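Have a look at the structure below before the remarks.
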Amino acid sequence: NNRAMLSQELCHRKSNALCPSHQQRHISSLQAATLQHELGHSRRGFGCFLLPTRLFRFKDNTSRASYKSPEESQGAGAIDPLPYAEAILVQGNASWWQQQFPRRWVIVLLCFASFLLCNMDRVNMSVAILPMSQQYNWNSATVGLIQSSFFWGYLLTQILGGIWADKYGGKVVLGFGVVWWSIATVMTPIAAKLGLPFLLVVRAFMGIGEGVAMPAMNNMLSKWIPVSERSRSLALVYSGMYLGSVTGLGFSPMLIQNFGWPSVFYSFGSLGSIWFLLWLKYAYSSPKDDPELSEEEKKIILGGSKPREPVTVIPWKLILSKPPVWALIISHFCHNWGTFILLTWMPTYYNQAWLLCVLPWFTMAVLANVGGWIADTLSHKLSSMVCQIMQSIGFLGPAFFLTQLSRVKTPAMAVLCMACSQGADAFSQSGLYSNHQDIGPRYAGVLLGLSNTAGVLAGVFGTAATGYILQRGSWDDVFKVAVGLYLIGTLVWNLFATGEKVLD
């Protein structure tokens, strides 16, 4: 018996020698349970509890309460002291929050909100211009000049916005854009009182701010969103533009009726300050800059690759030598010709019916997200073919429904055809608009700036050409031109576009 007891004692001592932290772990766990019981459940939160003592982080990245004094603990070698306030989040609410709502989708929602504000601030002029023209005795030519002055600045910063975003980060550029155009929106009533030249300058300034939004957003998502979630994230952000149009067209008449036309610009513009505060707090240009990003989510985002460094030099010759880049530029022109015509002349076609003007925007917001989820689902099976499939729907769908407009006999069927046309157009968010990140993720901002410049030019020339056609022809002639460009875009896209990376 004595020999057996002595053998057990030696084994016990040997076990403790091999695992010196065994006793400490056992005692610390008992002490933690006792403290938790004493504190009660009122101070619990997100799976962790506050301890009115010091916590220690071990080398295995776990935190435990220690029964030793700080002086004794410093000699242990395996631990380092931390204040309890610094350690309570080691495995507490941070991991819960990240599991429930990933940091990358915080970025997506903030970009969505910025695009919502973008179109709210843009479309309010189309409603407020009527009482403004009555007050200042503007004729139709002056109204057209004011409406077009926005595009002077908008064209100027498309490519510049992409260059700035790729060099300095999307957070800085998008934040600048929202603040800039929000200030310009608030200044619009003041500029109108000062005179027409001041108003034209302020509207051009507003275009400068909104011109950097799309390239900067594209740069942000190219760094934050893994390929498996790219289409749905872009679709959600772009649907913010469509919902912004719905919101702007919905609230502007009520604000004008109750508080006068200046209230539209003051109220919409002030919302940008709220967004900017949230942007400063939660947004980072790259995952490597976010101190609260978990290692697990960082692995999901990067997919085993290293974070991309900011661009220092733009290889213009290389970029412009790639056929997929020109496919983007030409297809964006063809796409926006039809889209801008329909959305700019929609009130005229529907005879100023507000509900009918809003319906296509709402349809696009819904189907853009549907298309995004479909594209991400197909990407696991079809990979590089997804962009061709989705953009072909975005071209051929609108083309088909526009050809049916000349055959319909009732207004209801005309509305249905137009809504279906714009709904199919929304699939372009998962084709054309996501392809910049596919072919050149490091230059996503520059690529979007290039292609969107062509898209804006299509809107400017297409809107003017539509007025010319309507003076000498009919809506059928307008739709025939749009259908022809949709078909050209489909051909170019399927011949030269790709979902593979061509720019490193």
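For all residues, glycine too, the Cβ spot is worked out from N, Cα and C.
Under the heading transmembrane segment, TrEMBL lists 105-125 (among others).
Residues annotated as domain 'Major facilitator superfamily (MFS) profile' in TrEMBL: 107-501.
Per TrEMBL, the feature transmembrane segment maps to 145-165 (among others).
Beyond its flanks by at least six residues, the transmembrane segment (172-192) meets 111, 114, 117-118, 121, 124-125, 132, 136, 161, 164-165, 198-199, 201-203, 205-206, 208-213, 215-217, 219-220, 261-262, 265-266, 268-273, 275-276, 279-280, 283, 285, 445 of its own chain at Cβ-Cβ distances under 8 Å. As annotated by TrEMBL, transmembrane segment applies to 172-192 (among others).
The feature transmembrane segment is assigned by TrEMBL to 198-221 (among others).
The transmembrane segment annotation in TrEMBL covers 233-252 (among others).
With a cut-off of 8 Å between Cβ atoms, the residues of this chain six or more beyond the transmembrane segment (264-284) that come close are 106-107, 110, 113-114, 117, 120-121, 124, 127-128, 171, 174-175, 178-179, 181-186, 188-189, 220, 248, 251-252, 255-256, 290. The transmembrane segment feature in TrEMBL is assigned to 264-284 (among others).
As annotated by TrEMBL, transmembrane segment applies to 353-375 (among others).
Taking Cβ pairs closer than 8 Å, the transmembrane segment (443-470) reaches residues 148, 151, 154-155, 158-166, 170, 173, 214-216, 218-219, 221-222, 311, 314, 319, 325, 328-341, 344-345, 432-433, 436-437, 477-478, 481, 503 in its own chain, all 6 or more past its ends. Per TrEMBL, transmembrane segment is recorded for 443-470 (among others).
The feature transmembrane segment is assigned by TrEMBL to 477-496 (among others).
Proximity of the transmembrane segment (198-221) to the transmembrane segment (477-496) is not established, fewer than 3 Cβ-Cβ distances being under 8 Å for residue pairs spaced 6 or more apart. A Cβ distance under 8 Å defines the sequence-distant neighbours of the transmembrane segment (145-165), meaning residues of its chain 6+ beyond its ends; these are 122, 125-126, 129, 138, 172-174, 177, 196, 199-200, 203-216, 218-220, 314, 443-450, 452-453, 456-457, 459-460.
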